[in-house]
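Worksheet: the structure to be examined is printed underneath.
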């Protein structure tokens, strides 16, 4: 069996920044550090940060007075932000991915201008909740759609005063179909100046598509609640190849590999490389040969952490 590695795969700039913010806060201010929601959707990362002194909570009311609080990479609503600022907290850091913040600004701009806004995204995802929560104009409207069917069933106040934006971690193909439906249903709707689906999501979907062309099966390293990891597995399955979303090498079932001559491996944007290396080692134990990395798009984007945290600290092992 041959192992093929997708390129790029794994951590993106937004995830790197979010994890660094938590690590550096622990290093500089000591444990515990409170984080609203999982800082990124990866079990290994969350468990590693818990071991170092991070406490993950869902409600601001769970944070004791005088504590340090960090918002996750997925972003928060204006209501959550206001609640946190009203508390007696020592420090408040925002680990929201800058590309999510870009979408937040688009929604806030629409709200100020009185335009109705339509968000393409998955209901219940924290990024969607945070993005929807940027709209506050009572005379306008904020709507969520997930599919072309949702678009055709949508009722708005003024079809001539609409804009749309998207969750950053969606399937490029699925989103294109929804945008086509929006443009057909509402010819005067205005989209973002630049695509809201982030570079890392797009690059990883392109890379796994190339990987699936050559692989018999594909293993996607990522947690079940990771939106972008799920989209990678779905893309492969739509190409007619088996794909399995795994948290770690321990999840690999030997029968998956029966008859496979080429095993593809990729990782979602919130999955650390150590997990990929463990998967490679496990596959070699099961008889696979050396791994070969495919060519792909180079990524050199870096997002700075807040200036208060710009010191060198140890990284997660």
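Glycine residues also receive a Cβ, built from the backbone N, Cα and C atoms like all the rest.
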Where Swiss-Prot shows 41, 125, 226, 227, 228, 270 binding isopentenyl diphosphate, which of 74, 104 is named for the same site? 74
For residue 270 ((2E)-4-hydroxy-3-methylbut-2-enyl diphosphate binding site) and residue 12 ([4Fe-4S] cluster binding site), the CA-to-CA distance in whole Å is 7
Between residue 198 ([4Fe-4S] cluster binding site) and residue 125 ((2E)-4-hydroxy-3-methylbut-2-enyl diphosphate binding site), the C-alpha gap once rounded to whole angstrom: 16
Quick check: which same-chain residues outside 41, 74, 125, 226, 227, 228, 270 lie with their CB within 8 A of the centre of the dimethylallyl diphosphate site CB atoms? 40, 127, 169, 225, 229, 268, 269
Write down the Cα-Cα distance for residue 127 (active site, proton donor) and residue 74 ((2E)-4-hydroxy-3-methylbut-2-enyl diphosphate binding site), rounded and given in Å. 5
Which whole-number value in Å describes the distance between the Cα atoms of residue 41 ((2E)-4-hydroxy-3-methylbut-2-enyl diphosphate binding site) and residue 127 (active site, proton donor)? 11
In whole Å, how far does the CA atom of residue 127 (active site, proton donor) lie from that of residue 168 ((2E)-4-hydroxy-3-methylbut-2-enyl diphosphate binding site)? 8
